[in-house]
Amino acid sequence: MQTKTTPGAMLKAMREKPPLVQCITNYVAMNIAANVLLASGASPAMVHAAEEAGEFAAIASALTINIGTLSTQWIDGMQAAAKAATSTGKPWVLDPVAHYATAFRRNAVAELLALSPTIIRGNASEIIALAGGESRGQGVDSRDPVEQAEGSARWLAERQRAVVAVTGAVDFVTDGERAVRIEGGSVLMPQVTALGCSLTCLVGAFAATAPEDIFGATVAALSTFAIAGEEAALGAAGPGSFSWRFLDALAALDAETLDARVRISVA
Ligand SMILES: Nc1ncnc2c1ncn2[C@@H]1O[C@H](COP(=O)(O)OP(=O)(O)O)[C@@H](O)[C@H]1O
Ligand SMILES: Cc1ncsc1CCOP(=O)(O)O
Ligand SMILES: [Mg+2]
């Protein structure tokens with residue numbers, strides 16, 4: 001069996017056997033997230049209806065759930081899919097977009113957390129609020145530095161027995177015992193809508209590739225974004241050209257370049 005010990009090795013393994021990833025994501029993110037997965041080498045499927053979400057989760061290799069544009073019908077689909085993923089042994093990722101904003105979102109996220117996500121990926125404001133802290137987030141946008149969310153992430157990871165990824169200028173990943181920081185990316189990334197949502201879907205793709213190493217898979221997905229983001233920013237005039245350059249950079253990124261350039265440090 002091939003060893004998948006580095007982000008580059010995981011990227012290579014994903015491309016050799018593209019995983020089917022069921023993405024229950026929001027209307028804003030659907031197109032860019034699907035393109036991010038295709039450019040990276042995975043197969044996305046945006047399937048959210050309550051009538052089929054559970055059945056689909058049983059055939060997908062991983063599931064991602066994002067509450068960005070929520071409705072009661074969507075919640076039914078999310079819960080059916082999360083239950084099916086868990087019962088068939090598939091990893092699933094929760095992206096709690098702006099869960100602090102309304103009671104409807106808070107309740108939906110509390111119910112999803114009770115279904116034991118394998119990984120939780122959010123921005124700093126979302127992770128601080130998930131741990132019961134005072135977050136300064138505005139709608140879907142973070143207003144808190146990642147460093148401020150590190151303690152919350154460690155607490156949440158232990159409580160949920162999940163890997164928690166906090167993204168921002170320097171990303172942070174923990175499983176409650178281990179923790180790392182990942183440098184890279186670009187200030188243009190939060191200027192392009194739904195890149196965080198797309199990253200959540202990519203975390204699902206890596207988790208499908210390396211279900212035996214969920215922590216490593218999460219780090220690999222964030223590392224891929226960090227290096228592709230840096231590369232895309234080099235020639236970008238602003239968020240518009242960054243957006244298409246980012247897809248090209250993901251597709252062009254190879255395992256060796258990723259491993260040579262990634263900057264991961266133990267936290
Ligand atoms: N200031 C920044 N500098 C570099 N990369 C960033 C910055 N802010 C966000 N990113 C990157 O953008 C991606 C999306 O993260 P983020 O903006 O935190 O998510 P969300 O869109 O959910 O708020 C991640 O890869 C993250 O590392
Ligand atoms: C703008 C917006 N509104 C509801 S979901 C969404 C997209 C949020 O994307 P991200 O969390 O990646 O910034
Ligand atoms: Mg987000």
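Placed from the backbone N, Cα and C atoms, the Cβ positions cover glycine too.
Over in TrEMBL, the protein carries these features:
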| type | residues | note |
| --- | --- | --- |
| BINDING | Met46, Ala194 | substrate binding site |
| BINDING | Arg121, Thr167 | ATP binding site |
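Here the features listed in TrEMBL are painted onto the structure.
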| residue | record | Cβ within 10 Å |
| --- | --- | --- |
| Met46 | substrate binding site | 16 |
| Arg121 | ATP binding site | 31 |
| Thr167 | ATP binding site | 28 |
| Ala194 | substrate binding site | 24 |
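Taking the C-alpha positions, the distance from Ala194 (substrate binding site) to Arg121 (ATP binding site) comes to 13 Å. In the three-state DSSP scheme, Arg121 (ATP binding site) is classed as strand. Met46 (substrate binding site) and Thr167 (ATP binding site) have their C-alpha atoms 23 Å apart, to the nearest angstrom.
Screening the binding-site residues Arg121, Thr167, Ala194 for a C-beta under 6 A from any atom of ligand 2 leaves Ala194.
With respect to ligand 1, the binding-site residues Met46, Arg121, Ala194 contribute no residue with a C-beta closer than 6 angstroms to one of its atoms. DSSP gives Thr167 (ATP binding site) a strand state.
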